[in-house]
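Take a look at the structure set out below.
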Amino acid sequence: MSTTPEIEVASSGMDHVSIHSLQPEIIIIGAGVIGCALAYSLSQSGRSVVLLERDLSEPDRIVGELLQPGGVAALEELGMSDVLEGIDAVPVEGYCIVSGEEKVGCPYPLLEEMAGLHHNQESGITNGNGGYVDKKGKWHVESESGKKEGRSFHHGKLISSLRKKVLTQAKGVTVLEATVKDLVFCEHTNRVIGVSASFKPSSSSSGSKELGVGNSDDTRDQRPAIANGIVKKLYAPITIIADGCFSKFRLTPGTRTPTPKTRSHFVGVILEDCKLPIQNMGTVCLTPSGPVLLYQIGRKGGEVRMLVDVKGKLPSVGDGSLRRHIEQNYVPHLPSELQTPVLSALSTQRLRSMPNTFLPPSIQGLSNSLSGAILVGDAYNMRHPLTGGGMTVAFNDAIILTKYLRPSEHSPAGRDGLEDWNTVSEGLREWFWERKKLSGVVNVLSMALYSLFGGADEPELEVLREGCVKYLGMGGERVAGPVGLLSALTPAPFMLFYHFFSVAFYSIFLLLIKGPPNSSLRGTKGVINPLLVLLTLPLNLIYSIKVFWTACVVLLPVIYTEFRV
């Protein structure tokens, strides 16, 4: 009888284990954002999990650095809100939109405005972690500003904190450093029954105790596979694929996944000695070439992340074309106080990029779908990161999916409880529609806003963009409603539809009384010429039909692709 080699284990209290001794109920590929969240929540529900990660060193990425308030609330519900502590996270109190000389602040709501919450002994009940219960029974974490805050941070620090939480507090999870090579299929049923992976031998000297990322959610496959690894098969009734936006398993027959569409790239640098227009607010600067997103990612060093949205094929980094492109087409349209630190960063730092990809979700658990495996995270669903909603969707997905995979009367604890794929499939179909309440709104909002803010490709979009900024600038419900959607605190599909077309009609109103943006009707310094406006009113009435049609083309196709089966 051959001896099974022992492999190195990253889990707390374990140094090595025999592969044959592992009998998990669920295998998760990728210890990124959603991989860690699912591993922790499933273990808390009573499931045994093996979490496979190619490289446990801390990652260094330019996106996945801003978590909306809805994501903070989801972490609290998962019991993982403490992962935001000790990572130098910065409070995010809303957004500031900069368009030319105009600056519009869109603050998140006050805690007291959320479901009648009041900080007193009669109406608030503390949970011992600085949180309070509102009338709907939801926890709200206290904030310095009194607002329902988000958080921004270095991505790698959050991933390390998530992994530490899993390693030290999730007793039912075994974390292994391994490169997953293939899914293993049953030759009789064609169901996924496990994975084939290259595991790290226990005798290897490695930094596996240093926590980070590799096969993780949303991470490019850049690191080499484990050298001289032990290639073995690991079996479980359910395999969850969370290996990120470059997932190779997305192409597995039966996944029914659409082809991802990359519309642009984010080019990132870190600014130093930089003061944002409104402190503790993410800033979106609208330029003719595309939006520029800025937010602080560290309190101690005061670092500010700048992400420049570049459409089409990226100019060359090596010959300086990309740097010159940003300097010539973006920097002149930024607030003057930001231009000096931006130019300094462009001249001294390596420009790094990430694709901005749209991947609408497809329903899983159908009769012709892949069985035995579940796609989650960016391997399954992506949207433009302009609104910073990706991690919020991931944590919310983990909450809902755990509800359908936890031990129950229909799926009891133990491996046998998950062998009935028909029961699991029914849960996956319900998960698809239940997650839409939040993910559908976040996905549609991100793509619709990017169409409006993504540069002056069409004059009709310029009309809508001006109307959007002016609409938010009126304040009141006109900013509270959209911010509720953006923050994922009140993700109501009807509210999204209502405010989007309210912006469209307000844009048309401005078109009729002022004329198109940057037209001669407005004269010098924006002074309106009433006579010219009156004379061109018939033409603008006809043009308004085209503006409204453009608004429909922006929103309705995205809604269709998001909610179709």
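Here the Cβ of each residue, glycine as well, is placed from N, Cα and C on the backbone.
Features as listed in TrEMBL:
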type: COMPBIAS; residues: 197-208; note: compositional bias 'Low complexity'
type: DOMAIN; residues: 26-55; note: domain 'FAD dependent oxidoreductase'
type: DOMAIN; residues: 236-516; note: domain 'Squalene epoxidase'
type: REGION; residues: 197-222; note: region 'Disordered'
type: TRANSMEM; residues: 495-513; note: transmembrane segment
type: TRANSMEM; residues: 534-560; note: transmembrane segment
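Non-local neighbours of the domain 'FAD dependent oxidoreductase' (26-55) in the same chain are 10, 64, 78-80, 158-159, 162-163, 165-166, 169-180, 194-195, 197, 212-219, 223, 225-226, 234, 236-244, 249, 376-377, 379, 391, 394-395, 397-399, 401-402, 405-407, 413, 418; each lies 6+ residues outside the stretch with a CB under 8 Å from one of its CB atoms. Here the domain 'FAD dependent oxidoreductase' (26-55) is broken down by DSSP into helix, strand and coil counts: 13 helix, 9 strand, 8 coil. Away from its own ends, the transmembrane segment (495-513) comes close to residues 441, 444-445, 448, 463-464, 466-468, 470-471, 478, 481-482, 484-485, 528, 533, 537, 540-541, 543-544, 547-548, 551, 555 of its chain (Cβ-Cβ under 8 Å, at least six residues beyond either end).
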